[in-house]
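Per TrEMBL, the feature domain 'PAC' maps to 117-172. Here TrEMBL flags 390-614 as domain 'Histidine kinase'. Residues or ranges marked as domain 'Response regulatory' in TrEMBL: 637-752. Here TrEMBL flags Asp687 as 4-aspartylphosphate. Sequence annotations record features per position, and here TrEMBL assigns region 'Disordered' to 1-25.
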Amino acid sequence: MTHDDMRPAGSAGEPPLKPDGTPDFLHRNDWAGSALGSPLHWPRPLRAAVSLMLDSQVPMWLGWGPSLSMVYNEPYARMLGQKHPAALGAPLSEVWAEIWSDVGDLVATTMAGQALYREDMPLVVRRDGQDRQAWFTFSYSPLRDDDGVIRGLICTVWETTEKVLALRRVAESEAALRQLVAANERLDAQRREEAQAASARDAARHAMAERYRQEALASDAALRESERQFETLFDRIDEGFCVIEFFDGPHGPLSDYVHVMANPAYAANAGIAGVVGQKVREMVPDEADAWVETYRHVLLSGEPIRFERELERTGRYLELAAFRVEPVERRQVAVLFQDVTKRHRAEKALRELNDTLERRVEDEVAHRLRAEEALRQAQKMEAVGQLTGGIAHDFNNMLAVVVSSLDLLGRKFLADNPGAMRYVDAARNGTKRAAQLTQRLLAFSRQQPLKPEAVNANKLVAGMSDLLRHSLGGAVRLETVLAGGLWRTHVDPNQLENAILNLAVNGRDAMPDGGHLTIETANSHLDERYASEHVGLVSGQYVMVAVTDTGSGMPPEVVAKAFDPFFTTKEVGRGTGLGLSQVYGFVKQSGGHVKIYSELGQGTTVKLYFPRHLSETERDAQSDLVPDVPIGQGNEAVLVVEDEDAVRLLSVDSLRELGYRVFEADGAEAALQVLDAHPDIDLLFTDIVMPGVNGRKLADEAQRRRPDLKVLFTTGYTRNAVVHNGVLDAGVHLIGKPFTLEELAAQVRKVLDSAG
């Protein structure tokens with residue numbers, strides 16, 4: 001199973017369950033043979049829970065479906081031992097059959113909606129072919145589907161067997177120390193009593209002297225043996241041990257204590273060495289009150305206690321047991337303890353994980369919902385783009401006929417009739433606006449041919465100042481904030497100018513009473529988290545161009561539709577609804593990203609992000625200028641190849657009007673015959689999209705036969721053989737339909753005069 005196999009159905013662009021580091025055993029498992037089925041069809045809440053689980057270093061598992069089929073992470077796989085990997089996808093009751101009688105009721109309670117927590121629960125589990133006693137701390141939480149119905153449960157678990165056994169060892173050591181201390185005290189008292197009795201009766205009981213001497217020797221031997229055993233245990237136990245003695249200090253009666261005894265393990269567990277003779281108020285002055293209060297209660301009540309506390313001086317968590325040393329007049333308390341910092345931190349992490357589990361699952365589900373919504377939006381924009389691109393192609397062919405007819409009509413028949421020319425000019429303006437409309441459709445659909453180059457956006461914005469001020473009018477104050485050391489980007493400078501101008505005009509329209517418009521540039525880094533929430537966006541370094549207005553702003557529902565073609569909030573006649581769509585298409589076609597930030601009454605900011613370009617050279621962005629109408633030199637010949645009869649007719653007439661000798665053909669086969677018959681043809685002017693052999697293949701064959709032949713392509717649909725990834729192929733000349741007589745004249749002259 002590959003990472004792609006872990007994607008949910010219908011979400012080809014969605015990241016897998018865990019983009020990086022997904023355990024191999026999850027990929028290798030035959031999910032189709034389990035009740036869960038293929039991960040391609042897992043519901044969203046299950047995918048979210050699995051993704052969260054894989055991120056955790058704490059052992060976790062979940063059960064889903066009627067049989068609670070299991071999925072788990074690597075730490076839990078190690079806990080399973082020989083049960084892994086067969087447990088993947090298997091029913092929970094089968095995987096843990098030996099303890100089902102102990103946990104089955106807990107599972108049922110959780111599936112009824114109640115989360116559970118158990119600490120140090122004893123369970124007899126099957127390991128290495130034998131039943132072994134173990135202890136576990138774990139929590140069960142219900143898992144719900146999108147409708148809120150409980151479909152499974154998730155468990156975080158920590159084996160505490162070593163902790164429980166360690167506590168038992170501590171208890172045993174504590175009992176042994178109690179016995180040794182008591183024995184030591186009894187022997188010491190007996191020795192004093194016997195010495196006093198011997199002194200009082202020495203003169204009268206000489207006959208008994210030898211007996212007492214022998215008993216004293218025996219007592220001394222027993223005492224030495226007891227002391228030897230005590231010292232051996234005292235020195236060798238892993239737990240820290242000390243005896244403290246209370247005294248009356250400046251803070252009142254029994255307000256301080258001193259360490260009168262401490263074993264070598266004291267320093268290893270507490271992190272403080274050489275404590276014998278030290279007073280607690282000198283050792284840990286900021287903590288002394290709490291320690292004094294705890295142990296003073298043991299001294300006064302005689303009740304032993306067990307507790308955990310942080311020794312703040314060293315940052316260690318200690319598990320302690322304290323009991324009074326008899327008699328009470330000695331004012332002593334014995335303390336046995338061990339360092340449990342690692343366990344404490346692990347249990348704290350487990351508790352925090354349990355506390356935040358539901359929120360993290362909700363966050364993961366919300367993140368996936370945003371990603372899926374972004375994918376749906378991208379797919380919608382792509383579908384609309386394909387539709388509009390096809391419409392634009394047919395419309396451009398129709399416009400080509402109208403534009404060429406008007407140009408020829410005005411030039412040949414109505415040049416001396418100003419009244420008639422007024423109507424021709426009006427029609428020309430209408431066709432020009434229609435052509436701009438189709439150009440915007442192509443821009444939105446990312447099908448316009450771009451001519452990218454290394455661009456310094458600061459220079460481009462600065463060069464637009466006069467144009468922008470003229471477009472914005474006197475009521476809008478323009479400010480540019482240009483970043484120092486701005487990176488270069490690789491874009492079509494003319495289209496970038498159009499995008500900035502488009503956004504500026506939109507900002508002006510949002511400020512009918514005037515306002516402030518700011519154009520800003522900056523270097524920006526889009527991280528992986530941000531990129532994962534925007535389909536098709538690659539993390540990395542970008543050049544940012546932002547246009548901000550202080551206008552009326554937009555509500556969230558309008559922002560969500562702002563890039564949709566033909567969507568506009570302007571009144572009828574004030575806009576086509578294609579301005580932002582054109583910007584969106586251009587930015588996406590350039591490999592960039594666009595984001596709108598807007599609030600009602602607070603204005604709008606549109607940020608354009610273009611990938612950083614690392615080339616050392618750059619060209620200043622300049623708009624193309626259309627020169628005066630150039631004409632043919634009388635002897636230059638052009639072959640027009642066009643399958644649309646009306647378009648071909650008008651192209652032929654236009655070129656003849658410009659002074660060229662013109663031949664024509666309605667397809668590739670006829671064109672090659674004309675070329676062979678007329679070797680003096682200088683230029684092949686061919687449509688690209690034609691039935692049978694397209695224009696690109698025709699040009700390749702024609703130049704194979706005539707290497708010196710110049711070629712000019714035309715089309716109303718730019719997603720074709722000479723435009724790849726939105727960029728015109730190197731060395732290719734193209735004029736888009738519809739074109740005016742002046743544009744045709746300039747382009748033909750440019751190609752004929754070009755080298756090669």
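A Cβ is built for glycine as well, from the same backbone N, Cα and C atoms used for every other residue.
Residue counts for the domain 'Response regulatory' (637-752) under DSSP, helix first, then strand, then coil, are 46 helix, 28 strand, 42 coil. Within the same chain, residues at least six positions away from the residue listed as '4-aspartylphosphate' with a Cβ under 8 Å of its Cβ are Val641, Glu642, Asp643, Glu644, Val647, Gly695, Phe713, Thr714, Thr715. As a summary of secondary structure, the domain 'PAC' (117-172) carries 12 helix, 36 strand, 8 coil according to DSSP. For the domain 'Response regulatory' (637-752), the mean pLDDT of the prediction comes to 84.
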